[in-house]
Amino acid sequence: MKAPVAVNGYGTIGKRVAEAIRQMPDLELKGIVKYTPDYSVLVAYRQGIPIYVPKGKEGVFEEVGVKPSGTVDELFGSVSLVVDASPGGKGAQNKRVYVERGLSALFEGGESPDVAEVSFSTLCNYRQALGKKYIRVVSCNTTALLRLICLLDRHIGVRKARAVIVRRASDPKEDKGIVNTVKLDPPSIPSHHAIDVKTVLPDLDIETVALIVPTTLMHVHVVHIQTKRSTSIDEVVETLSSTPRIVVLEGAKIGIDSTSKIVEFARDLGRKRYDIYENVVWRDMIKVNGDELTIVQAVHQEAIVIPENIDAIRAALRLAESAEETMRVTDKVLNVGLQR
Ligand SMILES: NC(=O)C1=CN([C@@H]2O[C@H](COP(=O)(O)OP(=O)(O)OC[C@H]3O[C@@H](n4cnc5c(N)ncnc54)[C@H](O)[C@@H]3O)[C@@H](O)[C@H]2O)C=CC1
Ligand SMILES: O=C(OP(=O)(O)O)[C@H](O)COP(=O)(O)O
């Protein structure tokens, strides 16, 4: 039997998580919650996704041609877990309902860490999340940093990490953002990313600085790591390539030297919405000097946390006992790492 799951908050992250759930052999998307009828609910309805709305709001949806499958109460009565992908801070408010109903819930990176029992990264602490009722999947930049750091730590050893995070200003669908400036985010050190990494790796020595630039496509990280022993570029590439969640691109050889070209590459490969689930590391931008390692990676903010959301559902519901077990399924179904 498939595990019944709902998605509450159908925006950038929620719609992608919902689509991924629908593809998984062990999960069933019972429905999504919508509060107001907009273009995204019309598309979801046409795709056959069951739409649940607050009691009394059915008529507003019917006016735009969407027949709800039932009320939010009915949906929550039929699932084991809710993925809460509402805007940052709203998940904590929604949690009251999940607690009252005894439902497990996933929260996203915009929530404060204390909303959940554990902050989650598949490659770092999958087992810690096993059977937990409330799990927070850390944000996009933190997910990418943690994948890199935990993998390098397991194979080579990480003494400390420093990162400059060049953040996209807004998502492509948004009509807001900066136009002609580079903004300190925040104007102090560390940015919230180091603090967030420490919710998963409390003992790590890490500092981060973040800047916002006028782009919507991807974030870019310049990461300096001191390893516990001397390493080499070949060993670093081999380590990073051991997971499909990180792709090492021979950028210079194939002419990919910008986020716009990565996006075009993903579009040419037929990735839906150009979603890039992987950390994209430039092979030519890896530099090693004894125990000093520099890596530059690009992060597609809209997509990178989707595999981790699926893994976190499996951890909460104990559908897979190890990171390897869940990743085998998630990565194959979502084609993470461009296996096919
Ligand atoms: N957009 C991004 O690049 C990433 C976002 N996140 C995190 O994911 C979460 C969701 O962010 P986005 O998908 O970008 O937001 P979004 O604004 O695109 O989508 C949020 C959706 O929730 C709905 N909503 C509003 N109030 C609600 C409530 N009280 N209960 C349920 N739904 C409600 C909105 O109508 C909207 O459809 C946040 O915690 C964010 O920090 C994490 C990684 C990347
Ligand atoms: O999780 C994200 O960024 P973060 O890792 O910098 O917190 C997403 O890109 C959301 O960022 P936003 O808070 O600018 O919408």
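From the backbone N, Cα and C atoms, a Cβ is placed for every residue, glycine too.
Remember, predicted model here, so these are calculated numbers, not experimental data.
Pulled from TrEMBL:
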type	residues	note
DOMAIN	3-140	domain 'Glyceraldehyde 3-phosphate dehydrogenase NAD(P) binding'
BINDING	T12, I13, G110, R168, Q301	NAD(+) binding site
BINDING	S139, C140, N141, H193, A194	D-glyceraldehyde 3-phosphate binding site
ACT_SITE	C140	active site, nucleophile
Collapsed DSSP category at Q301 (NAD(+) binding site): coil
Cα separation, H193 (D-glyceraldehyde 3-phosphate binding site) to T12 (NAD(+) binding site) (Å, whole number): 20
From N141, H193, A194: binding-site residues whose CA lies within 10 A of G110 (NAD(+) binding site): none
DSSP-derived helix, strand and coil totals, residue by residue, for the domain 'Glyceraldehyde 3-phosphate dehydrogenase NAD(P) binding' (3-140): 54 helix, 33 strand, 51 coil
Nearest of the binding-site residues (I13, R168, Q301) to S139 (D-glyceraldehyde 3-phosphate binding site) - Cα to Cα: Q301
Check: same-chain CB within 8 A of NAD(+) site center, minus T12, I13, G110, R168, Q301: S139, C140, D171, E302, V305
Cβ under 6 Å from ligand 2: qualifying binding-site residues of T12, I13, C140, Q301: C140, Q301
Q301 (NAD(+) binding site) to N141 (D-glyceraldehyde 3-phosphate binding site) - Cα separation in whole Å: 7
Residue, out of the binding-site residues I13, C140, A194, whose Cβ gathers the largest set of other Cβ atoms within 10 Å: I13
Rounded distance in angstrom between the Cα atoms of A194 (D-glyceraldehyde 3-phosphate binding site) and I13 (NAD(+) binding site): 22
Recorded NAD(+) site residues T12, I13, G110, R168, Q301, farthest C-alpha pair in Å: 16
Cα-Cα distance, maximum over S139, C140, N141, H193, A194, record's D-glyceraldehyde 3-phosphate binders, Å: 13
Check: same-chain CB within 8 A of D-glyceraldehyde 3-phosphate site center, minus S139, C140, N141, H193, A194: G109, V138, T142, T143, A144, L145, I165, S191, H192, D196, V197, T208, A210
Among I13, R168, A194, the binding-site residues whose C-beta sits under 6 Å from ligand 1: I13
